[in-house]
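Undergrad: Quick one: structure below, then a few questions.
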Amino acid sequence: MFAVYLVFSFKKPEASKADLDFFMLTFKYILKGSFFLMLVLALFCALFTFDLMFSAKNLLYPNEYIWDSGDFFFYKNGALKFSLNLYGLILVFLCLLTGFVAISTVDNLYSEDKLKFYLIFFQFFLAVLGFIKCSDLIAFFFFYEVLMLGSVLVVFFGSYSKKSIHAVIYFVAWTQLGSLFVLLACLYIYSLTNSTNFFVIKTFVFSKTQAMTIYSLLFVGFGIKFPIWPLHYWLTKTHVEASTGFSIYLSGFLVKTALFGFYRLTNLIQVELDTTFFLAVLVAGVIDSSLNMWSQTDLKKLVAYCTIQEMNLIAIFFLKGDSSLIAYGFLFTIMHALMSTLMFFLVECIYSRYKSRSTLVVNGVFFSFNNLALAIIFMVLFFSGILGTLKFVCEFFVFNLTLHVSWPIGVIFVVVVSAIGLIGFSKNWFNAIFCAPSKDVGPDALDLSKKELYIIFLCFAGLIFLTFLPFLMI
């Protein structure tokens, strides 16, 4: 079934017009629907298989440790045991969603190039399953590095300029620097506990000095990929030079793996720590990215700074360790993935029509493409965090937390994020929408296609659903 799907999906430009026959189109849609159902079924089978591979933890240790690992669903029937991590399930969902949208942006490639993207995505998916299910430091670090390998291949094969090579070098250098700090933290944990098993490590009593050392190494190591201030400039460069498909996957999924790694490993340290300094770094990252939105003329770079701002906001939820805040952190993670996917996809829609991402060139979208302009307006409304959206609820908790730590810093933080950053973000998009057209887009330029409308609708449907989800949690 998968082979037949590839045959009908990978068409070269010189394909015959017979493919437009109604029967052929119907058959193709049936194949794609069947492939999607098989993919969902394979997801649950793979999760069950990976759980059996790592089930030794459930057989060798008491059942109460399963709940300590963050699993939200547990089934036991004799020797058969099944558990699943909540954040891990979110990562799998984001992997599939962002992968689907990212691959949909490369329709103009030949079959051989498309096949590379599918194979890399399959490698991503296997690495994600191992990453969320393993309970060993060595395996955890191994799968974390395997995720980076696929990222390099996507950037390398998805961009065809010399600057893309520089982006690959930037990406590899900075992520490997972060991995070095994570590796040092893992080695230090092993030297103290003489074990790489998560459940043994969690029962070990760390001193405050040891815990702070481990926490600092993990914060810097994973924080480079969040990214934290001032180690985030590699991300904007990579976004600008890489393909839109990779930008969607990087912002919607890959940065979440670093946050998951930080959350899971720091949960092994059962010591109360003063995290004021780390909170200050995250606040500085939010303020810096908010101010940088004012000076951007490249829409893709503007979205990259939005990613930095929101990822630092999400990290604040996990920094405090409060269960209620972490629950909203999970929701904020999904919301950011949908929002960043939507924003990067809208940038791709603009680029395909104007052949530019610069706000100096892209003007008058509303006068030429009404549906595209309407989608951008609703995107800005969801990003603004107006009353009734999930972002409003999440930002309320973050602002309340910063105000409790320091009133002066909290007030500055609220003003910069809610006013200065939002205005800087909105003005660039509204200039592109409502300014008088300065470039003829040509008579062949069309409004949003059915595929583009479907992807945009999918993102908005997810954002609307998440808007009502907090009321179900009360």
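Cβ from N, Cα, C; glycine included.
Annotation comment: Swiss-Prot describes 34-54, 86-106, 115-135, 137-157, 167-187, 211-231, 242-262, 276-295, 302-322, 373-393, 405-425, 454-474 (among others) as transmembrane segment.
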Undergrad: Do any residues, 6 or more residues outside the transmembrane segment (373-393), come within under 8 Å Cβ-to-Cβ of it, and if so which ones?
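TA: Distal contacts: 306, 328, 331-332, 335, 339, 342-343, 346, 365-366, 418, 422, 425-426, 429-430, 432-433, 448, 456, 460, 463, 466-467, 469-470.
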Undergrad: Sort out for me which stretch, of 137-157, 242-262, 302-322, has the most Cβ pairs below 8 angstroms to the transmembrane segment (86-106).
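TA: Maximum Cβ contact count belongs to 242-262.
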Undergrad: Could you tell me what the rest of the chain brings near the transmembrane segment (137-157), counting residues at least six beyond its ends with Cβ under 8 Å?
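TA: Those are 113, 116-117, 120-121, 123-124, 127-128, 130-131, 164-165, 167-168, 171-172, 175-176, 179, 182-183, 186, 189-190, 196, 198, 201, 238, 242-243, 245-246, 249-250, 254, 257, 261, 264-265, in sequence order.
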Undergrad: Take the transmembrane segment (405-425) and find every residue of the same chain, 6 or more past its ends, with a Cβ under 8 Å from one of its Cβ atoms.
TA: 276, 279-280, 283, 286-287, 289-291, 293-294, 296, 302, 306, 309, 313, 380, 383-385, 395, 399
Undergrad: Residue list, the transmembrane segment (302-322) vs rest of chain: Cβ under 8 Å, 6 or more residues beyond ends.
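TA: Those are 223, 226-229, 232, 235-236, 239-240, 247, 251, 255, 259, 262-263, 266, 275, 278-279, 282-283, 285-286, 289-290, 292-293, 296, 328-329, 332-333, 336, 339-340, 343-344, 347, 383, 394-395, 397-398, 401-402, 417, 421, 425, 428, in sequence order.
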